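Copied over from TrEMBL, here are the features:
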- 25-47: transmembrane segment (TRANSMEM)
- 41-287: domain 'G-protein coupled receptors family 1 profile' (DOMAIN)
- 59-78: transmembrane segment (TRANSMEM)
- 98-120: transmembrane segment (TRANSMEM)
- 132-154: transmembrane segment (TRANSMEM)
- 204-225: transmembrane segment (TRANSMEM)
- 237-258: transmembrane segment (TRANSMEM)
- 270-289: transmembrane segment (TRANSMEM)
């Protein structure tokens, strides 16, 4: 037992995006600028929605929650990446790595559920306008947001528990800039075939399921708008188009990354940049450019 405990991995080494000094400086600058834009853009949305009585509709309530989630989501990985790029210290404790994995999937899946709720909000506003106030009452909005967080917590707990059941006694080098399921599971000293399929079913199917629901809701909105062409409906369609851009930036890389076992294809860490950095940075722009009230 003592020998087994002594051979257990106590820390992981995050290789990051590049070992080249010039690229390290470039990545540090880009990550710092992106993180600053995420913080400033989303904080501006939160402050604006919270202080302007005109922005009290369910859409802006959900948008405010999305901005809060984006700040939390990016803060799980980006500060650690910036410290690593600046100091060159790439080691992360086993417990810290598992904590990062848990919060990444907790906040990330909560955002997916929230985007699905936002699509439902737009569908209700456009396709059932007479019932919109009753369906999307403030109490219902709070319940939907709470359900998003609970769903994210359950998903992340399952992922983390599955990961903690695996033994890690050999290699400890993670070919990425943050702790995630696929690069870590390859380091386990056991047969992980069943665990890989369970994790792919968990993360991958959640991503795919939410994306299909989003596509279906926007397809129904498009059909409704085409049937009743008016200035108000075209404005709603324009809003939905910007939402489609946002969900595509988030969901397509996640589906590509998680909807497969770990050994089928190598994990592309540059694809991960899209949904961990680029998508949260673009959300404030995408969700506000078409809104005259936010402008």
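Even glycines carry a Cβ here, placed using N, Cα and C.
Sequence-distant contacts of the transmembrane segment (59-78) (same chain, at least 6 residues past either end, Cβ-Cβ under 8 Å): 31, 34-35, 38-39, 41-43, 45-46, 49-50, 100, 103-104, 107-108, 110-111, 114-115, 117-118, 121-122, 125, 138, 141, 145, 177-178, 276-277, 280-281, 283-284, 287, 293-294. Between the transmembrane segment (204-225) and the transmembrane segment (270-289), the number of CB pairs under 8 angstroms, six or more residues apart, is fewer than three, so the stretches are not in contact.
Using a Cβ-Cβ cut-off under 8 Å and counting only residues 6 or more beyond its ends in the same chain, the transmembrane segment (25-47) has close neighbours at 16-18, 63-64, 67-68, 70-71, 74, 78-79, 81-82, 85-86, 277-278, 280-281, 283-285, 287-288, 294.
When pLDDT is averaged over the domain 'G-protein coupled receptors family 1 profile' (41-287), the result is 84.
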